[in-house]
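Student: Quick one: the structure is below, questions incoming.
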């Protein structure tokens with residue numbers, strides 16, 4: 001039936017026209033689909049030639065699309081497709097995870113600028129897969145002639161045997177770009193993207209923003225410290241808004257929680273939504289700066305890192321808020337009243353749970369931020385807390401330990417004075433703290449006793465104060481007294497070992513019985529006792545030297561110097577008292 005219908009149409013001339021139209025459409029579709037198919041999927045990184053060509057073609061395509069539309073939006077597939085293919089050509093394993101995509105994008109743009117200025121060899125001269133196989137497949141690295149750019153084969157991991165721009169090239173591409181920035185673009189070889197670097201670091205991330213930016217004065221679109229002025233303005237405004245919003249949320253949460261904690265438990269529990277909302281603010285801030293302000297370079301890395309740190313801290317606040325509310329629910333429940341559980345125990349368990357969860361969050365978040373953290377603390381803490389909770393006295397010690405860890409009155413290595421003991425803290429355990437006395441003996445004090453006593457932290461001092469007195473006989477002339485004070489002040493003036501916030505003090509302060517008293521005070525930094533003793537010794541020797549040069553000598557404390565019979569002035573005797 002279909003065949004007959006076609007024959008009838010053919011006899012009328014209509015069939016030939018319809019068939020020709022379908023053929024034309026099919027040809028156009030096949031050509032278009034063939035072109036798009038080459039642009040879909042990952043980049044070809046099977047050889048140095050394929051990697052270099054894929055990278056240059058992808059960045060050129062990205063340049064063409066964004067320059068036509070005058071903005072770059074990471075949420076649009078047609079924008080990100082060539083970007084992803086270009087990034088496929090880079091070995092980004094050594095970039096920090098929290099900013100890997102952003103740093104890789106900046107490196108790709110700089111790398112393209114370098115390639116647009118470097119004299120590239122013809123693609124035929126660059127090894128391809130056939131050439132590598134003909135050579136036994138032993139090509140491990142290829143260097144771009146005349147540059148320090150290299151493409152190497154990956155030997156392990158999910159991208160094994162792919163040829164990618166090396167981590168060393170990616171890590172030093174900013175330095176390489178500065179060296180060739182002033183060079184002209186090449187006029188032969190693959191297409192270049194002139195001006196793309198400046199546009200990329202100033203491009204908006206939304207069509208509406210692009211229209212606004214186009215109407216801004218020229219100075220607002222100029223670059224300052226790597227990004228456009230209008231982006232700095234947007235960054236500062238959005239940051240202030242985010243900070244204000246978080247502070248406002250936390251203040252409202254604290255006020256309402258204190259009001260409803262005892263009187264309205266359900267409302268108190270619902271207040272958990274506020275710290276969760278505050279935790280989302282850094283996410284929104286980071287997303288806005290990346291997708292709408294389209295920050296680039298170091299500012300974007302800093303913003304991304306800071307946002308993740310703030311989010312991590314806000315997450316810890318949420319953990320403590322959740323455990324606190326769970327504890328309050330358990331304490332108020334009828335089941336808890338029937339079992340007569342210790343309410344304080346429940347709250348302590350909630351705090352311990354929050355601490356353990358926070359440690360895990362910090363460890364996981366620290367790893368994502370590239371901060372080296374150890375898991376030993378988490379495992380030891382959990383095991384120690386489990387053992388300590390086995391007894392009431394252990395619970396008391398655990399709670400005291402939490403107080404000590406929260407208040408931090410001392411740390412390991414600090415010298416403290418407590419309960420008449422003077423020594424250095426060697427270890428802060430879950431139940432007790434061990435102190436090594438200055439005599440060499442070791443003393444172990446339970447943490448609950450430490451928490452209930454006054455602790456003087458000698459090791460936490462910012463400086464070591466010395467107070468000493470020099471006593472001169474009553475027959476010392478006024479000019480001599482002034483000279484002595486001036487000499488000592490000169491010795492202490494502008495000394496790098498003294499605290500600049502607490503300048504040394506030297507005064508003639510007292511008329512003692514049989515002597516004039518000169519008070520000397522200074523504060524030594526850093527608070528290293530033995531270095532302080534060395535400085536004190538040097539200062540004392542300097543005082544002796546200066547006094548000898550000016551006819552002032554030290555004598556026994558009970559010795560008094562008198563004027564000679566002939567009226568000549570004799571050396572002034574000084575008595576030294578130290579405190």
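Note that Cβ sites are derived from N, Cα and C of the backbone, with glycine treated the same way.
Automatic prediction, not curation, is the source of TrEMBL annotations.
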Student: Have a look at 185-207, 369-391, 392-414 and point to the one annotated transmembrane segment in TrEMBL.
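Tutor: That would be 369-391, the stretch labelled transmembrane segment in TrEMBL.
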Student: What range among 142-162, 163-183, 268-288 does TrEMBL record as transmembrane segment?
Tutor: 268-288
Student: Under TrEMBL, the annotation transmembrane segment belongs to which of these stretches: 229-247, 248-266, 324-342?
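Tutor: Comparing 229-247, 248-266, 324-342 with TrEMBL, transmembrane segment matches 229-247.
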Student: Ranges 84-103, 104-123, 344-363, 424-443: which does TrEMBL label transmembrane segment?
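Tutor: My reading of TrEMBL: the transmembrane segment range is 344-363.
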Student: Among 12-35, 36-59, 60-83, 300-323, where does TrEMBL put the label transmembrane segment?
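Tutor: Result: 300-323 is the stretch TrEMBL calls transmembrane segment.
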Student: As a test of reading the model: what is the averaged pLDDT for the domain 'Mechanosensitive ion channel MscS' (396-458)?
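Tutor: Across the residues of the domain 'Mechanosensitive ion channel MscS' (396-458) the model's pLDDT averages 81 on the 0 to 100 scale.
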